[in-house]
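Engineer: Supplied in structure tokens, the structure appears directly below.
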């Protein structure tokens, strides 16, 4: 497990962006304070929707975007996709445990190529995979889906809060420095509660890209994250 500086940040999901001006959209959220970009890959088999692939990532890199880009694979099989996204300079590859019967092999493949790893959990997916110490110690991120995977614009499902708390406790007890990412339905009204529950990375699509002012939107949510983390520290001191 590589050392990770513990950070809390917003990762805009470009699935909700205007693809006719994708480069401009990404530049605007970077200027507004985004620390990474979330890139959803859907194959219309594993989930009932079809999105973007390695060629789009290649275009972004050729256009000069150096911001970390996290790849969320909602596809099956994933072996060739993992290799393709490594080649196109992804920074983190996140996949669902149900998408392969070779989880450890895939994690090793990603790590060997100096790319970070992540495992994604839908609301119906058992957390038993995190009981495997080999898997756990080779993760950089655990992504918790707070909506049904495959579509943007869904409402945050409150039962995800308990999953965040449970995984936060598990990670803290393990001693590994693994970040918790939450994806789906996050907005200015619920981000404080999500942050307070233990999330580190906040994947946000519609609540950013469907607003008129990205800077103000991201800034408001960043301040709520900071307040939640500050409240946690204050609580722990008492």
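In case you wondered, yes, glycine gets a Cβ from its N, Cα and C as well.
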Engineer: Going by the divalent metal cation site in TrEMBL, where 38, 40, 72 are listed, which of the candidates 79, 140, 183 is also part of it?
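Structural biologist: That divalent metal cation site, as TrEMBL gives it, pairs 38, 40, 72 with 183.
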Engineer: Residue 183 (substrate binding site) to residue 40 (divalent metal cation binding site): how many Å between their Cα atoms?
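Structural biologist: About 11 Å separates the two Cα atoms.
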Engineer: In Å, rounded, how far does the Cα of residue 206 (substrate binding site) sit from the Cα of residue 38 (divalent metal cation binding site)?
Structural biologist: 13
Engineer: Using DSSP reduced to three states, classify residue 206 (substrate binding site) as helix, strand or coil.
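Structural biologist: Looking at the DSSP assignment, residue 206 (substrate binding site) belongs to a helix.
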Engineer: I need the neighbours of the divalent metal cation site defined by 38, 40, 72, 183. Which other residues of that chain put their C-beta within 8 angstroms of the C-beta centroid, in sequence order?
Structural biologist: 11, 13, 15, 39, 70, 94, 143, 203
